[in-house]
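A quick write-up on the structure given underneath.
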Amino acid sequence: DGCGHTVLGPESGTLASINYPRTSPNSTVCEWEIRVKPGQRVQLKFGDFDIDDSDSCHSSYLRVHNGIGPNRTEIGKYCGFGFQMDGLITSKSNEVTVQFMSGIHTSGRGFLAAYSTTDKSDLITCLDNASHFSEPEFNKYCPAGCVIPFADVSGTIPHGYRDSSSLCMAGVHAGVVSNTLGGQINVVISKGIPYYEGSLANNVTSEVGPLSTSLFTFKTSGCYGTLGMESGVIPDSHITSSSILEWPNQTGQVNIWKPENARLKRIGPPWAAFISDEHQWLQIDLNKEKKITGIVTTGSTLAEHYYYVSAYRILYSDDAQKWTVYREPGMDKDKIFQGNTELYQEVRNNFIPPIIARFFRINPVKWHQKIAMKVELLGCQFSIGRAPKITLPPPPQNKNDEKNADFMDDFIHSVKTSLQTDKTTFTPEIKNTTVTPSVTKDVALAAVLVPVLVMVFTTLILILVCAWHWRNRKKKTEGTYDLPYWDRAGWWKGMKQFLPTKSAEHEETPVRYSSSEISHLRPREVPTMLQTESAEYAQPLVGGIVGTLHQRSTFKPEEGKEASYADLDPYNSPIQEVYHAYAEPLPVTGPEYATPIIMDMSSHPSTPLGPPSISTFKAAGNQAPPLVGTCNKLLSRTDSASSAQALYDIPKGQLGPGSADQLMYQVPQSVAHPTGSKDE
C-alpha cells in the first residue's frame, strides 16, 4: 500500500512513493519488479530522494536488488533527508526489484525515480526542466510515465514552453514523445516571451504562464501540417458518417448536420450523429495513403447546442473494408484518446508511431448530450520507394535447363512474396534509398540543364538592361541644353585654364567681395589668372582652384570672336561649395543667353565701382587686359577727373577703348546695378 505514481514501460518507466511530493504515511511498503529485454541491463536514476533516517535506515529506507524473487541480491540500501544520489544505479541483469519501506516518521517526501535500459546514457527524470541545463541545444531521453499531476507545463507549440516547465511532460504535450513509451527529445533554448498560452493536448493540460527569461522548443520531423479538412482539399464526398442528425427548428425549417460540416474552424453547425451510441463513426478518405501524425477536435461550437465528444477510438484502413484499431506498441488494449471538455476548445492528440493509411475513422465512446464534433487531421505525404527491377536470365533452351527454369520460378515467386510482405509490414522508420538508373539519368540531366538555363536567362536580362540604359543616355544627350563633347584634345584645352600659377607677389586664393561689404574691405591682391584659349562657352570650374559659379548663367559669345577668361564670382556664396562640371542653364522662362546691357557711366564720374558681373570678355588684338591689383587701384581708375572714360573690359565686337557711350559690359539679369557704396 506504499506505491505511488507508477508507469512501467518496456524500455523505461517512472515510479514514486505514495503521496509524493507530500509526506508518505507511516508503516507502508511497496515493491516494484522491473523487467527489460533479455541481454539488456537496467539503470535507475533518482529525481528526488527524501526519506527519514532517524533510525539509520532500519525502518524507513529504499532497497534495490539484482533480479526478482528469492534469489535476488542486494545492490544497496538508501535513506536520508535531501539525499543526493550522484550517478546511476546499474543492475547486472535485465531484472531489478525496488523496495520502499516507510516506518514511523514525522517528515519526508519519499522519492521519485526513473529507469531505462543502459543504452540510454542521457536519461533524465520527469522533474528536470530547461533551467537545469546550460547548453543552448541538447538531446535527452525521457522515461515513460512523465504525465504527473505535480509537474507544471506552460506554453504550447510552436511558440514554445516556459523554462520552468518539465521537459518530458512538455515533450508529451508537444507530441514528440509518448507517455507510455518515453523517447528521445531534442531541445532548443531561446529567449523568453511575455505570455505563454495554455492548451490541452495528449492528456496534458498546459497552463497560461507569465514572462520568463528563456523558453524551449523541440526539433521535430516537421510532419505536422494539416491534411485538408479545414482548407477544403478533402472534398465533401470523401467525408461520410454512420448517421446524420436532422431536426426541425422553431420555424419549421429542417436542420441537417451533415458529415461535411465536420471541418475544423468552419462557421456553422458541426457533424452530429442521429443516434448517440458507441457504434457511430465519422470517416475521412484521404484519396491515397498519408502519414497521419495527429488529430485536432472541437465540439459543436454553437452556444445553444452544448454538444461534444469527450473520448474516442481511432480506426484506419487501406480499402475501407478491413479496419484496424489504433494501439500503442506493446499494448494489448485499444488506445482511448481524450477528447474535448467543452464545445469550443481545440484539443490535439498525436499518434506515436504515426498511422499510415488512406481511410481514417473516428469512433466516439464518450460524449456530452449528443455526438457532435469538428475535426482536422495532421500529417504529411507518404510514399513507398520503388522496388528494384528484377533481371531474368534467358528461358531454358533444352531439357537440361528445366531444373534452372524451376529454380527461376521459385526465385520469382519468393521475390514477389517478399515484396508483398514488405508492403504490408512497412513501417515509417524504414526508408528505401535505392535509386533506379532512369532516376539517376534524370537527375544528372537536370543538374546540367538547370545551370545552363539560368545562365542564358541571366545573359538575356543583362542585355536588355544595358540596351535600355544606353537608350536613356542617348535621349538625355539630345536635350535642349547640349553640352560640348570633351574629346582628348578638347578636354586638355579646357583643363589648362584651371591649373594654378604662382603669382609674382603673393600665393593666396582669389578674394571675393559682396555688394554689401565692398566698401568695408581692405585692399587685397588678386592672383593673375591664366589666359585661356577660345571656348564656345564659359568653361566649367573644377578642381577647387578657383571659386564656384553660384549664379545661374550661360553666355554665348558673338560669332567670330573669342572669349578671354572667366572672372571670379563676386557675389556671396554659401559655405559649402558645389562644383559644377558645366555652366548651369538659365531658367526655362528666361532667354537662352544673357543679353549685354549698355550703361552710360559718363554722368557718374565719382561713383565707386559696384560689384563686377560674371562675364567672359576678350579685348581686341588678342591681348588679355591685366587684372587690377587692389580695390584702391580700381577705384582710382574710375574716379579720374581728367578723362570721362572708365576702364572696363572691352566687350566683344569693339576695336578699342572709346567714349563712355560706347563702353558696355555684361551684367547678370538677376542682379541690379548698385548706385554707390559707403566709405568707412
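Each Cβ is built from the backbone N, Cα and C atoms, and glycine gets one as well.
Because TrEMBL annotations are produced automatically, they should be read as predictions rather than curated entries.
As the structure is a computational prediction, the values presented were derived from the model and not from experiment.
Note: C30 (disulfide bond) has non-local neighbours D1, G2, C3, G4, S17, I18, Q99, F100, i.e. same-chain residues 6+ apart with C-beta under 8 A of its own C-beta. Under the heading disulfide bond, TrEMBL lists C3-C30.
Per TrEMBL, the feature domain 'CUB' maps to 3-118.
If you look up TrEMBL, you'll see 120-216 marked as domain 'LCCL'.
Annotation source TrEMBL lists domain 'F5/8 type C' at 223-380.
Look at TrEMBL and you will find 653-680 tagged as region 'Disordered'.
Under the heading transmembrane segment, TrEMBL lists 443-468.
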Confidence over the domain 'CUB' (3-118), expressed as mean pLDDT on the 0 to 100 scale, is 91
The correct DSSP tally for the domain 'CUB' (3-118) reads 0 helix, 61 strand, 55 coil
